[in-house]
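Novice: Structure provided below as structure tokens; questions to follow.
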Amino acid sequence: MTAAVIPQHIAIVMDGNGRWAKRRFLPRLAGHKQGVDALRRCAKACAERGVKVLTVFAFSSENWNRPTDEVDGLMNLLAGALAKEVPSLARDGIRLFFVGDRASLSTKVQAGLAQAEAATAHNDRMVLNVCFNYGGRWDIAQAAAKLVAAGQPITEVALNGAMALAHVPDPDLLIRTGGEMRISNFLLWQSAYSELYFSDKWWPDFDEQALDAAIAEFQQRERRFGKTSEQLAPSAA
Ligand code: IPE
Ligand code: IPE
Ligand code: MG
């Protein structure tokens, strides 16, 4: 039997913070705070399992449409988490990247993002991409705009190289917690051949055991990339 393959790149739509809080009669922001703890735990667990890239959806292009106090709370949470999390990321050998449209974030948050990236730039055990003010459609459009500005033809290879996640391979496994079965404008381009896994757990409850269940399910899948099963089978010895 071949050794079970650990997905090299896991992407996660961290959904369900609000419902986690509501169930406890807490404000939604309490759920988001708990979500930061869940992310720290999950990133550590992924690094321990040999995952090379973890990409998480923290704030979508559409999340600006939420009530102002929730948006403000999420921005403050991010700004606060940035400085606080760097030491634990360093301990776990995790390099941080922020992926998304930074232009509409406050200068304070923008500076915090750049600082946290610089402070973890030497870590090489695992990459953690935090998608913040990110949308799959924004990503495809900004990649196309970059090519146009450079006078380059829009080909599949060129677009791929201009996407916001060009520094990592495509996700092998895409997990969504919180029970919804949709992509919600996450990695539209990069998830073309990702294995999809939906968990009913709210994000704050997504623990190591839940991660292992997702990885175990991934290991049962046959990734064909358009080929037939027979083509994938190792030739008879
Ligand atoms: C996901 O949790 C986190 C963000 C979108 C920022 P939600 O806030 O969407 O939680 P639910 O879906 O309302 O439970
Ligand atoms: C997706 O969750 C975005 C993030 C987890 C950051 P949403 O809660 O915003 O998605 P919808 O609105 O249910 O599709
Ligand atoms: Mg949600």
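Backbone N, Cα and C atoms are what each Cβ position is placed from, and that goes for glycine too.
From a predicted model like this one, the values you see are computed outputs, not experimental measurements.
Residues or ranges marked as active site by TrEMBL: D15. Here TrEMBL flags N63 as active site, proton acceptor. Taken from TrEMBL, the feature Mg(2+) binding site covers D15, E195. According to TrEMBL, the feature substrate binding site maps to 16-20, R28, H32, 60-62, W64, R66, R176, 182-184.
Map these features onto the structure and tell me what's around them.
Specialist: D15 (active site) falls within neither a helix nor a strand when secondary structure is assigned with DSSP, and so counts as coil.
With a 10 A radius on its CB, N63 (active site, proton acceptor) counts 17 other CB atoms from all the protein chains.
The Cβ of E195 (Mg(2+) binding site) has 19 neighbouring Cβ atoms from other residues within 10 Å, across all protein chains displayed.
When secondary structure is read from DSSP and collapsed to three states, W20 (substrate binding site) falls in the helix class. If you take the C-beta of W20 (substrate binding site) and look for same-chain residues 6 or more apart in sequence within under 8 angstroms, you find G31, Q34, W202, W203, P204, D205.
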Novice: Report the member of D15, W64 (the recorded positions) whose C-beta atom has the most other C-beta atoms within 10 angstroms.
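Specialist: When each Cβ's neighbours within 10 Å are tallied, D15 tops the list.
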Novice: Measure from each Cβ of the recorded positions D15, W20, W64, E195 to the atoms of ligand 3 and list the residues where some distance is under 6 Å.
Specialist: D15
Novice: Which chain-mates of G16 (substrate binding site) that are at least 6 residues away have a CB under 8 A from its CB, listed by sequence?
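Specialist: The answer is G31, T177, G178, G179, K201, W202, W203, P204, D205.
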Novice: Tell me the coarse DSSP state (helix, strand, coil) of R176 (substrate binding site).
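Specialist: It is in a strand.
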Novice: Tell me which of the recorded positions D15, N63, E195 ends up closest to R176 (substrate binding site) in space, Cα to Cα.
Specialist: D15
Novice: I'd like to know which of the recorded positions listed (S61, N63, W64, E195) lie near ligand 1, counting only a CB under 6 Å away.
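Specialist: By the Cβ criterion, which requires under 6 Å to ligand 1, the hits are N63.
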